[in-house]
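Just below is one structure, and these are the notes that go with it.
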Amino acid sequence: MDFITINSINKTEEFALKQVAKQATSSLLYRLGKTIILASVCVERELVSEDFLPLVVQFLEKSYAAGKIPGGFVKREGRAQDFEILTSRLIDRTLRPLFPKDYRYPTQITLMVLSHDIENDLQVSALNAASAALFLAHAAPFKSVSACRIARIDNEFIINPSTSLLNQSSLDLFVSGTKESLNMIEMRSLGQKLNALEEPLMLEALELAQKSLKETCTLYEETFTPHQNALLFKESQGIVFNERLLDLLKNQYFNEIIKGIESSALSERENVFNEIARKISEAHSEFNLEEIELSLEKVKKTEIRRMIIRDKIRPDKRALEEVRPISIESNLLPMAHSSILFTRGQTQSLVVGVLGTDNDAQTHESLEHKAPIKERFMFHYNFPPFCVGEASSIGATSRRELGHGNLAKRALETSIKNKDQVIRLVSEILESNGSSSMASVCAGSLALYASGVEIHDLVAGVAMGMVSEGQDYAILSDISGLEDAEGDMDFKIAGNLEGITAMQMDTKMSGIQLEILYQTLLQAKRVREHILKIMHEAKEKIVINFSHLPTTEIFNVAPDKIIEIIGQGGRVIREIVEKFEVKIDLNKPSGEVKIMGNKERVLKTKEFILNYLHSLDQELEQYAIDEVLEAQVKRIVDFGAFLSLPKGGEGLLRKQHMERCQVALKEGDSIRCRVISFNKGKIALDLA
């Protein structure tokens, strides 16, 4: 068992090697203060034949890590929570580019949170633990990678802030990479204002992150290299292509390949390439279908990159900075509070907005918070198979759908002025040919406005890409699905005219240089300006249907009257909600009543509640202390009996008064009783 301590910027990390989970390929216990994470890597030695990287990353939170028992009916951890899925994606997207292109050994990385202090950053800790475990496993010649988070408080950048400091920040920037370059970025603005960050300041933050990562990665490599396992698998020489087959494709089928590349729809493109493969397979039996498809893919990729880098022309004939045609329609769905159809080329997003009450907010439990938190702004992204021409069933929400919805939410959240509003936006992707999450941001921003939600400014998003060959590279604006698949970078950037509110960068390379990232940010700003101009023109044409939008009426009653509005077993409030078709939130301690719904119904509901409470007060005023009444038993309960009083209303005869007089009552009996007190709007009775 080995213990390693590493001191880096603003934190001291401890690693216990070979202490637990020793049957895994590698394992360690990561400790940062009171946060402890078990990281394990398991690598199977049997190759898989499929052409993909068989990597699985799972980040798991245990409730006991914070001294909690899981909420809900089942008292054990079940389906992964959103934070766990998003953190798993964060780690996967960082580590995946490090693997050799022909790595085909099933690999599982598991991060299990065993103890957690909420002041520590779980995502940075989990990624650093995963990186160390993968480096120690030595399944392939990996570079060391690490993560850091950057906050901005009072115009000063802070590296690896505590949770309490991050809550005061206007910036949340998560960056991971090697000591040479960055390979994954997540960013969002924070606070009550929009807090969009200008591009020069973003570069400054990224430079600070790069410096931190370089220091940490250097320490990791120096410290962990002596503890690495023996190299399990050496990097192979890659696929050996048949030169005769490549020449055949370039000479006889080149025009058909170009036709496939220029096909805008994914299904159409696949049909072209499948037909080429079929023709060659039938005409040349010496080549098997697998090597034909691999060679075809190589020629296609080479030609796409040549077109972009040498000719500065993209597969769909656009210039490098050209954005596809944009159209925007509003108020398509008459019963929704808002609906926006945003179309950019062959990517189409229908975003629907609905406003709700406090009861509609999504409640989450997390190790990051002591108590359950309420998510008031929700953005749900759906990617049905028909949007890319696939014939398959629609299943549960995928990791990708959850991630894209979270990105859109982060882009728009600070644009909302009133953070107490409960808002749900749903993006239905009806067509997809790249950049659907950024189309969702554009449509979502307009949907907020169309719902009558006050916003600081419109927010637009664009997906940027890059293609590189050696020292040459080209940055692409508004990438298509083909450019995303064949390119080296997917950089989604959202913001307004002033700066950036959210961004997400992934790469298929080992990393991207800061100079290229900054050029991409500046190019994306020009694209945003173009898109925002179109969005502002569309905004002017939106007619907000205030008569259909829900309105909220808030008023106060005496706190002891709230129970009267609720009624026995919730009977009264259920009847009110069903009668007027509204939503009601009640606050017992303060006596606040919040009604939400159609304006006319809301006003009628308020009037009904006030009249109802007034009538109850009048009933009480008819009776006096020590007044003797002839009452009728209305219902028997465990603690006594409720009696109907002769002048209206009801009173409670408690069980102890019945037992003292040895009276056995049943419903419908008449009995003489005496008023003994008024308590919180209730009449207490005794036998006369």
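Positions of Cβ are set from backbone N, Cα and C atoms, glycine also.
According to Swiss-Prot:
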BINDING   ASP484, ASP490  Mg(2+) binding site
DOMAIN    550-609  domain 'KH'
DOMAIN    626-688  domain 'S1 motif'
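Around ASP490 (Mg(2+) binding site), the C-beta neighbours below 8 angstroms that are at least 6 residues distant in the chain are ALA463, GLY465, ILE479, ASP484, MET505, ASP506, THR507. Computed over the domain 'KH' (550-609), the whole-number mean pLDDT of the model equals 90.
Every protein chain considered, the tally of other Cβ atoms within 10 Å of the Cβ of ASP484 (Mg(2+) binding site) stands at 18. Following the DSSP three-state reduction, the secondary structure of ASP490 (Mg(2+) binding site) is strand.
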